[in-house]
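Contents: one structure, followed by commentary.
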Amino acid sequence: MSQKLLLNAKEINIILHRLACQLIEKHNDFSDTVLIGIQPRGKFLANRLAQLLKSDYHIEHVKLGLLDITFFRDDFRRGEKPLEANTTEINFLVEDKNIVFIDDVLYTGRSIRAALTAIQSFGRPNEIELLTLIDRRFSRHLPIQPDYRGRQVDAINEEKVKVNWVEHGGEDAVYLVNS
Amino acid sequence: MSELSVNHLLGIKDLNSQDIQLIFETADHFKEVINRPIKKVPSLRDITIANLFFENSTRTKLSFELAEKRLSADVINFSASQSSVKKGETLIDTVNNILSMKVDMVVMRHPNPGASVFLSQHVNASIINAGDGAHEHPTQALLDSYSIRERFDTVKGKNVVIVGDILHSRVALSNIFALQLQGANVMVCGPRTLLPKYIDKLGVKVETNLKKALQWCDVANMLRVQNERMDMTYFPSTREYTQQYGVNSALLNSLDKEIVIMHPGPINRGVEITSDVADSKQAIILDQVQNGVAIRMAVIYLLASKIKH
């Protein structure tokens, strides 16, 4: 197994600041906007962005939720391992809000498809956008593209993109792993 | 998340403590789901479930049906009173006919103990026991323990007394197994005639004085007097049963602590429990009903994930 460093901590930090600025450009003071991290891996990126918007860009009220998509996935009973559920924490209505889905890697698009269905349980949002740190090009199974992307990566199917976070017991880094 | 160790839910006796833990953790997620504005997930779109009730039921049947629908499964219902069972069809024939319509899972209540075990050996579908005679009622025991866990954060080390008709009760037996598996101390309390012989061999305390039992416990699970299963007289009169084994607010106030009152339903108000107790804050009877849907969703979801295409 070999792995190649795609992004180091400094590069990730620069990207996070750029993504934060792009979000502000579109959503101003976030009064009608909510950030939704897709469980389990989108949680770290979503937390980090919400923190950054508060600390460095003085956005007072950033609403942040976490959405678990386990029961909405289309591969129930198809994989070897049973699917593991995570908590959903959305303590507000998304009716008429602008939602930004946040996930670390966009690959086939199936998770986002599930998230689009899952979020309907919380109301009818005004619009939904997608932000991902890594966009794996040419590997989509569905017509889904990010509105905000950190870095575009070309990877073949045997390769995996691994995102590490300080909060998850590592350092901030993105690797391309060849198994 | 790991898997259940079983392919059917026939009784608590077949489960281990990890299974119960897994069911509870899954139920936590479903409890969040059923409190959303839209209370439904599409997980079981490709699963068909038959609810076979060879015995009357309101709560359990509605609860299972709701759980199945919240998981988006297709549901067919069957009650023995309106079926060909009356014409003499055997259990296996009835079920095999239903299964040939491509049914993946069977939820069954039957008056004969062991009916669901028998069925699981002879038909090709996942079986959930929704009560078989005086044997087991596993989902009820799971939701009872889950409600205790919700109230106290843990079941371990809690003192639970099961009061009433232990002899005819499947709820009592399943509850004893489930509570012991989770490390609770269990006592049964009732008139001698309604306590099975050798019940102490299960490792439960036996008490015939209700006041002493309530003084000992953290939780009292009041069972219904099952008049329909009694083929002879087990106590002189309902009035006398109520005087000896009915819980009322005067009795609860005479204790030096506040205990939690549970009841699997349907309540005989004024017999095993008075109305003011049933409607008091100490009673978690309606929480039990709400938790029943989440627990049954968890059980169905976990068993369905073991059905392979």
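Each Cβ is built from the backbone N, Cα and C atoms, and glycine gets one as well.
As annotated by TrEMBL, domain 'Aspartate/ornithine carbamoyltransferase carbamoyl-P binding' applies to B:8-150. Marked as carbamoyl phosphate binding site by TrEMBL: B:Arg59, B:Thr60, B:Arg109, B:His137, B:Gln140, B:Gly265, B:Pro266. Sequence annotations record features per position, and here TrEMBL assigns L-aspartate binding site to B:Lys87, B:Arg170, B:Arg224. What TrEMBL records for B:156-302 is domain 'Aspartate/ornithine carbamoyltransferase Asp/Orn-binding'.
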DSSP state at B:His137 (carbamoyl phosphate binding site), helix/strand/coil: coil
Residues B:Arg59, B:Thr60, B:Arg109, B:His137, B:Gln140, B:Gly265, B:Pro266 binding carbamoyl phosphate per the record - widest CA separation, whole Å: 16
Cα distance (Å, whole number) from B:Lys87 (L-aspartate binding site) to B:His137 (carbamoyl phosphate binding site): 28
Of B:Thr60, B:Gln140 (the binding-site residues), the residue whose Cβ has the fewest other Cβ atoms within 10 Å: B:Thr60
Structural state census, the domain 'Aspartate/ornithine carbamoyltransferase carbamoyl-P binding' (B:8-150) (DSSP three-state): 69 helix, 26 strand, 48 coil
List of residues, in chain order, with Cβ under 8 A from that of B:Arg59 (carbamoyl phosphate binding site) and at least 6 apart: B:Gly265, B:Pro266, B:Val289, B:Gly292
DSSP-derived helix, strand and coil totals, residue by residue, for the domain 'Aspartate/ornithine carbamoyltransferase Asp/Orn-binding' (B:156-302): 64 helix, 24 strand, 59 coil
Which of B:Lys87, B:Arg109, B:His137, the listed binding-site residues, has fewest other Cβ atoms within 10 Å: B:Lys87
Residue among binding-site residues B:Thr60, B:Arg109, B:Gln140 with Cα closest to the Cα of B:Lys87 (L-aspartate binding site): B:Arg109
Nearest-integer angstrom distance between the alpha carbons (Cα) of B:Thr60 (carbamoyl phosphate binding site) and B:Arg224 (L-aspartate binding site): 15
B:Gln140 (carbamoyl phosphate binding site) versus B:Arg224 (L-aspartate binding site) - Cα distance in angstrom: 14
B:Gln140 (carbamoyl phosphate binding site) and B:Arg170 (L-aspartate binding site), distance between Cα atoms, whole Å: 9
Number of Cβ atoms other than its own within 10 Å, given for B:Gly265 (carbamoyl phosphate binding site): 17
